[in-house]
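Report on one structure; see the data block that follows.
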Amino acid sequence: MSKFSFTIHSHYKKARSGVITTAHGEIRTPAFMPVGTRGAVKAMLTEAVVETGADILLGNTYHLMLQPSAERIAYLGGLHKFMNWDKPILTDSGGFQVMSLSKLCKITEEGVSFRSHINGNKYMLTPEYSTEIQYLLGSTITMALDECTPYPSTFEKAKTSMHLTTRWANRSRDAFVKREGYAQFGIIQGSVYKELREQSVKDLVKCDFEGYAIGGLAVGEGQELMFRVLDYVPDFLPQNKPRYLMGVGKPSDIIGAVSRGIDMFDCVIPTRSGRNGQAFTKYGTVNIRNSKYADDKEPLEHDCKCPACTNYTKAYLHHLVRIREILGPMLMTWHNLTYFQNLMSRIRTYIKLGKDFDFVH
(Lines of atoms letter the chains of each structure in order from A; the text may use other names.)
(Lines give C-alpha, C1' and ligand atoms only; values in the text may rest on other atoms or scores of the structure.)
Protein backbone atom coordinates (compact mmCIF):
# COMPACT_ATOMS: atom_id res chain seq x y z
CA MET A 1 0.00 0.00 0.00
CA SER A 2 1.33 3.44 -0.93
CA LYS A 3 2.11 6.04 1.69
CA PHE A 4 0.18 9.31 1.59
CA SER A 5 2.38 11.90 -0.07
CA PHE A 6 2.23 15.07 -2.13
CA THR A 7 4.80 15.68 -4.85
CA ILE A 8 4.89 19.01 -6.66
CA HIS A 9 6.17 18.59 -10.21
CA SER A 10 5.76 22.10 -11.61
CA HIS A 11 5.35 25.69 -10.47
CA TYR A 12 4.15 28.74 -12.36
CA LYS A 13 4.24 31.81 -10.17
CA LYS A 14 2.12 30.69 -7.16
CA ALA A 15 0.34 27.89 -9.04
CA ARG A 16 1.47 24.29 -8.48
CA SER A 17 0.81 21.03 -10.29
CA GLY A 18 1.68 17.65 -8.87
CA VAL A 19 0.42 14.31 -7.61
CA ILE A 20 -1.10 13.22 -4.31
CA THR A 21 -0.40 9.53 -3.67
CA THR A 22 -2.89 7.64 -1.49
CA ALA A 23 -3.93 4.12 -0.53
CA HIS A 24 -6.51 4.24 -3.32
CA GLY A 25 -4.37 5.67 -6.10
CA GLU A 26 -3.04 8.97 -7.34
CA ILE A 27 -4.73 12.36 -7.58
CA ARG A 28 -3.42 14.76 -10.20
CA THR A 29 -3.42 18.34 -8.95
CA PRO A 30 -4.91 20.85 -9.29
CA ALA A 31 -7.91 18.53 -8.90
CA PHE A 32 -11.67 18.96 -9.05
CA MET A 33 -13.74 16.54 -6.95
CA PRO A 34 -17.27 15.67 -8.13
CA VAL A 35 -19.70 15.63 -5.22
CA GLY A 36 -21.26 12.26 -4.39
CA THR A 37 -23.25 13.45 -1.40
CA ARG A 38 -25.18 10.30 -0.52
CA GLY A 39 -22.84 7.76 -2.07
CA ALA A 40 -23.67 8.66 -5.67
CA VAL A 41 -22.87 11.54 -8.00
CA LYS A 42 -26.36 12.67 -8.97
CA ALA A 43 -27.54 11.40 -12.39
CA MET A 44 -24.25 9.54 -12.98
CA LEU A 45 -23.13 5.92 -12.92
CA THR A 46 -19.92 5.50 -10.97
CA GLU A 47 -18.34 4.11 -14.15
CA ALA A 48 -19.38 7.28 -15.97
CA VAL A 49 -17.68 9.46 -13.35
CA VAL A 50 -14.47 7.51 -14.01
CA GLU A 51 -14.83 8.20 -17.73
CA THR A 52 -15.00 11.96 -17.13
CA GLY A 53 -11.41 11.77 -15.86
CA ALA A 54 -12.04 12.30 -12.15
CA ASP A 55 -9.33 10.99 -9.80
CA ILE A 56 -11.26 11.53 -6.55
CA LEU A 57 -14.79 12.26 -5.42
CA LEU A 58 -16.39 13.65 -2.29
CA GLY A 59 -18.84 11.96 0.06
CA ASN A 60 -20.92 13.57 2.79
CA THR A 61 -20.61 12.37 6.37
CA TYR A 62 -23.87 13.94 7.57
CA HIS A 63 -26.06 12.37 4.90
CA LEU A 64 -24.35 8.96 5.01
CA MET A 65 -24.51 8.72 8.81
CA LEU A 66 -28.29 9.20 8.56
CA GLN A 67 -28.89 7.00 5.51
CA PRO A 68 -27.95 4.18 5.30
CA SER A 69 -25.63 4.71 8.36
CA ALA A 70 -21.87 4.44 8.65
CA GLU A 71 -22.20 1.10 10.43
CA ARG A 72 -24.18 -0.41 7.57
CA ILE A 73 -21.71 0.87 4.98
CA ALA A 74 -18.84 -0.59 7.03
CA TYR A 75 -20.67 -3.93 7.23
CA LEU A 76 -21.08 -3.87 3.45
CA GLY A 77 -17.36 -3.36 2.91
CA GLY A 78 -16.90 0.40 3.10
CA LEU A 79 -17.93 3.28 0.89
CA HIS A 80 -15.54 2.36 -1.95
CA LYS A 81 -17.05 -1.09 -2.34
CA PHE A 82 -20.59 0.13 -1.63
CA MET A 83 -20.55 2.54 -4.59
CA ASN A 84 -18.06 0.61 -6.76
CA TRP A 85 -15.43 3.36 -6.73
CA ASP A 86 -11.83 2.22 -6.27
CA LYS A 87 -10.18 5.65 -6.42
CA PRO A 88 -9.69 8.08 -3.52
CA ILE A 89 -12.68 9.44 -1.61
CA LEU A 90 -12.65 12.56 0.56
CA THR A 91 -15.45 12.89 3.10
CA ASP A 92 -16.35 16.17 4.74
CA SER A 93 -16.88 16.25 8.49
CA GLY A 94 -20.64 16.79 8.35
CA GLY A 95 -20.53 20.02 10.33
CA PHE A 96 -21.55 22.34 7.50
CA GLN A 97 -24.61 20.27 6.62
CA VAL A 98 -25.65 19.98 10.27
CA MET A 99 -25.49 23.74 10.68
CA SER A 100 -27.22 24.50 7.38
CA LEU A 101 -29.88 21.75 7.20
CA SER A 102 -30.90 21.20 10.79
CA LYS A 103 -33.46 23.65 12.13
CA LEU A 104 -32.71 22.69 15.73
CA CYS A 105 -28.92 22.84 15.79
CA LYS A 106 -27.00 23.78 18.93
CA ILE A 107 -23.24 24.32 18.97
CA THR A 108 -21.39 23.71 22.23
CA GLU A 109 -17.83 22.93 23.24
CA GLU A 110 -18.66 19.23 23.04
CA GLY A 111 -19.92 19.38 19.45
CA VAL A 112 -23.11 20.01 17.50
CA SER A 113 -26.44 18.62 18.67
CA PHE A 114 -29.14 18.44 16.03
CA ARG A 115 -32.26 16.69 14.85
CA SER A 116 -32.27 14.75 11.60
CA HIS A 117 -33.98 16.56 8.74
CA ILE A 118 -35.35 13.12 7.74
CA ASN A 119 -37.13 11.84 10.85
CA GLY A 120 -36.39 14.27 13.67
CA ASN A 121 -34.14 11.88 15.61
CA LYS A 122 -31.64 13.60 17.87
CA TYR A 123 -27.88 13.29 17.32
CA MET A 124 -24.69 14.73 18.75
CA LEU A 125 -21.85 15.19 16.26
CA THR A 126 -18.56 15.57 18.11
CA PRO A 127 -15.06 15.75 16.61
CA GLU A 128 -14.49 12.18 17.79
CA TYR A 129 -17.76 10.85 16.37
CA SER A 130 -17.28 12.60 13.03
CA THR A 131 -13.81 11.07 12.77
CA GLU A 132 -15.15 7.63 13.72
CA ILE A 133 -17.90 7.82 11.08
CA GLN A 134 -15.35 8.66 8.39
CA TYR A 135 -13.19 5.75 9.58
CA LEU A 136 -16.17 3.40 9.22
CA LEU A 137 -16.83 4.74 5.74
CA GLY A 138 -13.22 4.00 4.80
CA SER A 139 -12.52 7.55 3.65
CA THR A 140 -9.16 8.08 2.00
CA ILE A 141 -9.09 11.69 3.22
CA THR A 142 -10.92 12.51 6.45
CA MET A 143 -11.86 16.08 7.33
CA ALA A 144 -11.61 17.44 10.87
CA LEU A 145 -14.85 18.80 12.33
CA ASP A 146 -15.06 22.59 12.13
CA GLU A 147 -17.54 25.38 12.65
CA CYS A 148 -18.09 27.09 9.31
CA THR A 149 -18.06 30.77 10.24
CA PRO A 150 -21.01 32.52 8.58
CA TYR A 151 -20.60 35.67 6.51
CA PRO A 152 -20.77 38.40 7.54
CA SER A 153 -19.33 37.94 11.03
CA THR A 154 -17.83 40.47 13.39
CA PHE A 155 -14.17 40.07 14.29
CA GLU A 156 -15.06 38.84 17.78
CA LYS A 157 -17.58 36.26 16.54
CA ALA A 158 -15.14 35.04 13.90
CA LYS A 159 -12.40 34.82 16.54
CA THR A 160 -14.57 32.76 18.91
CA SER A 161 -15.59 30.46 16.06
CA MET A 162 -12.01 30.05 14.86
CA HIS A 163 -10.75 29.07 18.30
CA LEU A 164 -13.56 26.52 18.64
CA THR A 165 -12.53 25.04 15.29
CA THR A 166 -8.94 24.83 16.56
CA ARG A 167 -9.97 22.93 19.69
CA TRP A 168 -12.15 20.61 17.62
CA ALA A 169 -9.25 20.09 15.21
CA ASN A 170 -7.02 18.91 18.05
CA ARG A 171 -9.68 16.46 19.20
CA SER A 172 -10.26 15.26 15.63
CA ARG A 173 -6.53 14.66 15.22
CA ASP A 174 -6.35 12.68 18.46
CA ALA A 175 -9.26 10.50 17.29
CA PHE A 176 -7.86 9.86 13.81
CA VAL A 177 -6.59 6.32 13.22
CA LYS A 178 -3.39 6.69 11.23
CA ARG A 179 -3.00 4.15 8.43
CA GLU A 180 -0.59 4.03 5.53
CA GLY A 181 -1.98 5.88 2.53
CA TYR A 182 -4.78 7.62 4.45
CA ALA A 183 -4.92 11.26 5.52
CA GLN A 184 -6.71 13.82 7.62
CA PHE A 185 -7.03 17.50 6.68
CA GLY A 186 -7.54 20.37 9.11
CA ILE A 187 -9.76 23.30 8.16
CA ILE A 188 -8.59 26.91 8.34
CA GLN A 189 -11.21 29.40 9.54
CA GLY A 190 -11.18 33.09 10.44
CA SER A 191 -13.69 34.64 8.03
CA VAL A 192 -12.21 37.58 6.07
CA TYR A 193 -9.81 38.65 8.83
CA LYS A 194 -6.13 38.19 8.00
CA GLU A 195 -5.04 38.11 11.64
CA LEU A 196 -7.48 35.30 12.42
CA ARG A 197 -6.63 33.28 9.32
CA GLU A 198 -2.93 33.49 10.17
CA GLN A 199 -3.57 32.41 13.75
CA SER A 200 -5.77 29.53 12.56
CA VAL A 201 -2.94 28.28 10.34
CA LYS A 202 -0.37 28.56 13.14
CA ASP A 203 -2.60 26.57 15.49
CA LEU A 204 -3.52 23.84 13.01
CA VAL A 205 0.00 23.35 11.68
CA LYS A 206 0.92 22.15 15.18
CA CYS A 207 -1.41 19.17 14.58
CA ASP A 208 0.70 18.18 11.56
CA PHE A 209 -2.27 17.31 9.34
CA GLU A 210 -1.49 15.66 5.99
CA GLY A 211 -3.23 18.55 4.24
CA TYR A 212 -5.11 21.76 4.94
CA ALA A 213 -8.47 23.05 3.75
CA ILE A 214 -9.61 26.64 3.62
CA GLY A 215 -13.17 26.87 4.87
CA GLY A 216 -15.59 29.74 5.36
CA LEU A 217 -15.34 31.07 1.81
CA ALA A 218 -17.92 31.04 -1.01
CA VAL A 219 -20.52 31.76 1.67
CA GLY A 220 -21.68 35.11 0.31
CA GLU A 221 -18.57 37.27 0.46
CA GLY A 222 -18.17 37.46 -3.33
CA GLN A 223 -15.24 36.67 -5.58
CA GLU A 224 -13.25 39.85 -4.95
CA LEU A 225 -13.19 39.37 -1.19
CA MET A 226 -12.57 35.64 -1.54
CA PHE A 227 -9.54 36.31 -3.74
CA ARG A 228 -8.31 38.90 -1.26
CA VAL A 229 -8.27 36.20 1.44
CA LEU A 230 -6.60 33.73 -0.93
CA ASP A 231 -3.90 36.29 -1.70
CA TYR A 232 -2.38 35.61 1.73
CA VAL A 233 -3.72 32.38 3.31
CA PRO A 234 -1.79 29.94 1.04
CA ASP A 235 1.42 31.81 1.90
CA PHE A 236 0.91 30.91 5.57
CA LEU A 237 0.45 27.19 4.82
CA PRO A 238 3.20 24.54 4.53
CA GLN A 239 4.51 24.38 0.98
CA ASN A 240 4.68 20.58 0.96
CA LYS A 241 1.05 19.88 1.93
CA PRO A 242 -2.06 19.88 -0.31
CA ARG A 243 -4.36 22.90 -0.07
CA TYR A 244 -8.09 22.39 -0.51
CA LEU A 245 -10.56 25.23 -1.09
CA MET A 246 -13.91 23.92 0.10
CA GLY A 247 -17.13 24.35 -1.85
CA VAL A 248 -15.68 26.47 -4.66
CA GLY A 249 -16.33 25.45 -8.26
CA LYS A 250 -17.12 28.28 -10.65
CA PRO A 251 -14.53 28.02 -13.44
CA SER A 252 -13.37 31.62 -12.95
CA ASP A 253 -13.07 30.99 -9.19
CA ILE A 254 -11.00 27.86 -9.82
CA ILE A 255 -8.68 29.73 -12.18
CA GLY A 256 -8.18 32.54 -9.68
CA ALA A 257 -7.66 30.16 -6.77
CA VAL A 258 -5.15 27.93 -8.61
CA SER A 259 -3.16 31.03 -9.52
CA ARG A 260 -3.02 31.78 -5.79
CA GLY A 261 -1.70 28.32 -4.86
CA ILE A 262 -4.77 26.10 -4.31
CA ASP A 263 -4.59 22.39 -5.23
CA MET A 264 -8.05 20.89 -4.66
CA PHE A 265 -11.68 21.90 -5.22
CA ASP A 266 -15.19 20.50 -4.84
CA CYS A 267 -18.57 21.90 -5.80
CA VAL A 268 -22.08 20.84 -6.83
CA ILE A 269 -22.13 23.41 -9.65
CA PRO A 270 -21.46 21.03 -12.58
CA THR A 271 -24.00 18.45 -11.45
CA ARG A 272 -26.69 20.86 -10.26
CA SER A 273 -26.33 23.01 -13.38
CA GLY A 274 -26.53 19.93 -15.59
CA ARG A 275 -29.77 18.82 -13.97
CA ASN A 276 -31.17 22.30 -14.57
CA GLY A 277 -30.23 22.36 -18.25
CA GLN A 278 -27.10 24.51 -18.10
CA ALA A 279 -23.92 23.36 -19.82
CA PHE A 280 -20.40 24.68 -19.33
CA THR A 281 -18.34 25.07 -22.50
CA LYS A 282 -15.08 26.80 -23.37
CA TYR A 283 -17.20 29.37 -25.21
CA GLY A 284 -19.32 30.15 -22.15
CA THR A 285 -22.41 28.65 -20.54
CA VAL A 286 -25.30 27.28 -22.59
CA ASN A 287 -28.87 27.22 -21.28
CA ILE A 288 -30.10 24.32 -23.37
CA ARG A 289 -33.74 25.05 -22.47
CA ASN A 290 -33.60 28.19 -24.60
CA SER A 291 -35.81 27.86 -27.69
CA LYS A 292 -32.98 28.98 -29.97
CA TYR A 293 -31.49 25.49 -29.63
CA ALA A 294 -34.62 23.68 -30.83
CA ASP A 295 -33.22 23.34 -34.38
CA ASP A 296 -29.49 23.44 -33.56
CA LYS A 297 -27.71 20.55 -35.30
CA GLU A 298 -24.36 21.19 -33.59
CA PRO A 299 -23.00 19.50 -30.44
CA LEU A 300 -22.40 21.42 -27.24
CA GLU A 301 -18.66 21.33 -28.01
CA HIS A 302 -17.03 19.90 -31.11
CA ASP A 303 -13.84 18.71 -29.41
CA CYS A 304 -15.47 17.31 -26.25
CA LYS A 305 -15.35 13.50 -26.04
CA CYS A 306 -18.30 13.02 -23.67
CA PRO A 307 -21.35 11.05 -24.95
CA ALA A 308 -23.52 14.18 -25.01
CA CYS A 309 -21.16 15.83 -27.49
CA THR A 310 -20.03 12.84 -29.56
CA ASN A 311 -23.51 11.37 -30.08
CA TYR A 312 -26.12 14.11 -29.81
CA THR A 313 -27.01 17.61 -30.99
CA LYS A 314 -28.03 20.63 -28.97
CA ALA A 315 -31.50 20.22 -30.50
CA TYR A 316 -31.82 16.72 -29.05
CA LEU A 317 -30.57 17.82 -25.62
CA HIS A 318 -33.01 20.75 -25.77
CA HIS A 319 -35.83 18.32 -26.51
CA LEU A 320 -34.90 15.99 -23.64
CA VAL A 321 -34.69 18.79 -21.11
CA ARG A 322 -37.92 20.45 -22.24
CA ILE A 323 -39.92 17.21 -21.95
CA ARG A 324 -38.21 16.39 -18.63
CA GLU A 325 -36.83 13.12 -19.91
CA ILE A 326 -34.40 11.74 -17.32
CA LEU A 327 -31.77 11.17 -20.01
CA GLY A 328 -31.44 14.95 -20.42
CA PRO A 329 -29.98 15.68 -16.96
CA MET A 330 -27.80 12.57 -17.25
CA LEU A 331 -26.18 13.71 -20.50
CA MET A 332 -25.88 17.33 -19.38
CA THR A 333 -24.25 16.28 -16.10
CA TRP A 334 -21.85 13.94 -17.91
CA HIS A 335 -20.83 16.79 -20.18
CA ASN A 336 -20.34 19.26 -17.33
CA LEU A 337 -18.19 16.90 -15.29
CA THR A 338 -16.12 16.18 -18.40
CA TYR A 339 -15.75 19.92 -18.98
CA PHE A 340 -14.49 20.44 -15.42
CA GLN A 341 -11.97 17.60 -15.69
CA ASN A 342 -10.80 18.94 -19.06
CA LEU A 343 -10.45 22.37 -17.46
CA MET A 344 -8.23 20.95 -14.70
CA SER A 345 -6.18 19.04 -17.27
CA ARG A 346 -5.60 22.22 -19.28
CA ILE A 347 -4.61 24.10 -16.13
CA ARG A 348 -2.10 21.38 -15.21
CA THR A 349 -0.63 21.51 -18.73
CA TYR A 350 -0.33 25.30 -18.68
CA ILE A 351 1.41 25.23 -15.29
CA LYS A 352 3.87 22.66 -16.62
CA LEU A 353 4.53 24.82 -19.68
CA GLY A 354 4.85 27.98 -17.58
CA LYS A 355 2.00 29.75 -19.34
CA ASP A 356 -0.84 31.94 -18.12
CA PHE A 357 -4.10 30.00 -17.95
CA ASP A 358 -6.80 32.64 -17.59
CA PHE A 359 -8.83 31.14 -20.44
CA VAL A 360 -12.28 30.82 -18.85
CA HIS A 361 -15.13 32.72 -20.51
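Each residue, glycine too, has its Cβ placed from N, Cα and C.
Note that the structure is a prediction, hence the values are computed from the model and not measured.
DSSP classifies D92 (active site, proton acceptor) as strand under the three-state reduction. If you look up Swiss-Prot, you'll see D92 marked as active site, proton acceptor.
Annotation source Swiss-Prot lists active site, nucleophile at D266. Around the Cβ of D266 (active site, nucleophile), the same chain contributes F32, M33, P34, V35, L58, L90, Y244, M246, G247, V248, G249, each under 8 angstroms and 6 or more positions distant in sequence.
Within the same chain, residues at least 6 positions away in sequence whose Cβ sits under 8 Å from that of D146 (substrate binding site) are S93, G95, T165, W168, A169, I187, Q189, G215. Annotated substrate binding site per Swiss-Prot: D92, S93, G94, G95, F96, D146, Q189, G216, in sequence order.
The number of other Cβ atoms within 10 Å of the Cβ belonging to C304 (Zn(2+) binding site), over all protein chains shown, comes to 18. Per Swiss-Prot, the feature Zn(2+) binding site maps to C304, C306, C309, H335.
Taking H, G and I as helix, E and B as strand and the rest as coil, DSSP gives the region 'RNA binding' (247-253) the counts 3 helix, 0 strand, 4 coil. The region 'RNA binding' annotation in Swiss-Prot covers 247-253 (among others) and rests on sequence analysis.
Look at Swiss-Prot and you will find 271-275 (among others) tagged as region 'RNA binding', backed by sequence analysis. Distant neighbours of the region 'RNA binding' (271-275): 34-35, 41-44, 285, 329, 332-337; these residues of the same chain sit at least 6 beyond its ends, with a Cβ under 8 Å from one of its Cβ atoms.
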Max CA-CA distance, Å, over listed substrate-binding residues D92, S93, G94, G95, F96, D146, Q189, G216: 16
DSSP helix/strand/coil residue counts for the region 'RNA binding' (271-275): 5 helix, 0 strand, 0 coil
Rounded to the nearest Å - Cα separation of G216 (substrate binding site) and C309 (Zn(2+) binding site): 36
Sequence-distant neighbours of F96 (substrate binding site) in its chain (C-beta under 8 A, six or more apart): C148, G215, G247
Proximal residue to G94 (substrate binding site) among binding-site residues C304, C306, C309, H335 (C-alpha distance): H335
